[in-house]
Amino acid sequence: MKSFIIFFTLFSIVLSDTVEISIFSVESIKQKLIKSGEWGKYYREKQNSLRKSHLNSSSSITQLVNDYDDAEYVGNITIGTPGQLFTVVLDTGSANVWVIDKSCNNGSTKEACSQKRKFDSVRSSTYTIDDRPFRINYGIGWVRGFFGKDTLSLLGNGKNLKIDQTTFGQANAISEDNGKSPIDGILGLAFKSIAFGGVTPPLIEASESKILPKPMFTVYLQKKGKVSGAVGGSFTYGGYDVKNCGPVLAYQKLTSASYWQFKLSSIGYKDKVFRDGWDAIADTGTSVIGGKYVMDALAGKLGGIWNKNFEVYTIPCNTISEIIKIKIGNNVYDVPTSDLENVIKKDLCMINLLPIDGVGSGTQFILGAPFHFSYCVTYDVGNKRLAFSYHKR
């Protein structure tokens with residue numbers, strides 16, 4: 001997940017039919033716990049919790065892509081009529097929408113839910129009960145509840161993207177881990193095939209129903225370091241971001257319309273290049289570039305050391321200024337190592353490379369925020385492909 005949480009604000013219209021939403025940075029739980037020296041213990045306890053949850057998860061979907069302590073891209077949506085406001089992770093690595101329900105005030109998870117905004121179906125004139133149960137186990141943490149249907153809106157400056165009768169999860173119980181996060185829920189932006197309950201994700205619904213002028217959205221992210229509250233980029237729904245992004249460099253077809261999954265040909269640093277080829281995903285729900293054995297080798301080449309206390313690779317700050325080269329299709333994309341660093345404390349930085357065992361659908365690699373810091377990524381629902389372009393500097 002991420003080192004900073006980036007909040008949406010009300011936004012501007014770039015083209016007559018597209019909606020551009022600005023995003024802002026705030027320090028995340030992970031960053032706070034790393035600085036206080038508590039992240040390692042917290043992380044290990046949560047891993048034990050996840051392993052136990054797998055024993056009783058036959059009726060749930062496990063999304064091993066993200067844990068939202070590190071979520072970096074968060075936006076405002078409303079659900080219902082009149083709209084009830086929620087702050088949710090914008091996550092291309094999952095496909096369900098859920099928010100905290102009013103009933104989450106009761107029982108053993110009352111404390112975890114206490115600081116959240118909560119959906120009250122009684123207050124909405126457009127709410128329809130679904131009542132099917134849902135449960136999702138994330139990389140860390142879990143959520144359970146039931147489904148409902150109502151109007152969902154992405155807020156705009158004078159223009160909203162409204163999607164009627166969206167099926168969304170109403171969480172009446174969340175893990176203690178999720179309770180420590182400031183988010184009220186998740187807005188999944190991946191495909192229906194990985195959605196719990198077989199529900200249609202709202203952006204897929206908007207694309208198929210031609211609510212959007214073009215069935216796509218473009219992500220433009222800026223790295224802001226420790227600057228809390230600074231504008232950190234934008235999501236543009238319904239087309240390309242012509243204000244912040246240059247011409248398309250290349251398109252890449254998806255290998256699976258589940259996650260935003262594609263073939264990554266190679267990754268390397270200086271003379272160390274790995275050409276095995278992997279299934280990878282583009283993921284706005286994580287702050288890392290993740291892979292298997294490759295990450296240890298790359299971090300080592302950069303001078304990084306796995307820190308057991310922090311459960312991350314660490315390195316003295318400002319000691320590297322190199323380029324990691326990632327080949328997708330026939331094109332090589334340069335990612336500066338400066339986009340991989342986040343400060344833990346004075347003179348000590350983490351490297352946002354993470355060893356992973358896979359995240360489902362055969363995925364072996366994750367391209368999270370560090371890749372998006374260098375390139376705009378257009379998620380093309382209609383053509384089931386990604387488009388990459390340079391940021392306009």
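Backbone N, Cα and C atoms are what each Cβ position is placed from, and that goes for glycine too.
Note that the coordinates shown come from a computational prediction; the quantities given were computed from them, not determined experimentally.
The record in TrEMBL pairs C349 in a disulfide bond with C317, which is drawn from C245, C317.
Among C113, C245, the cysteine that TrEMBL records as disulfide-bonded to C104 is C113. Under the DSSP three-state reduction, C317 (disulfide bond) is assigned to coil, being neither helix nor strand. Note on proximity: of the recorded positions D91, D283, C317, C349, the one nearest C104 (disulfide bond) is D91, by Cα distance. Looking at D283 (active site) and C113 (disulfide bond), their Cα atoms lie 27 Å from each other.
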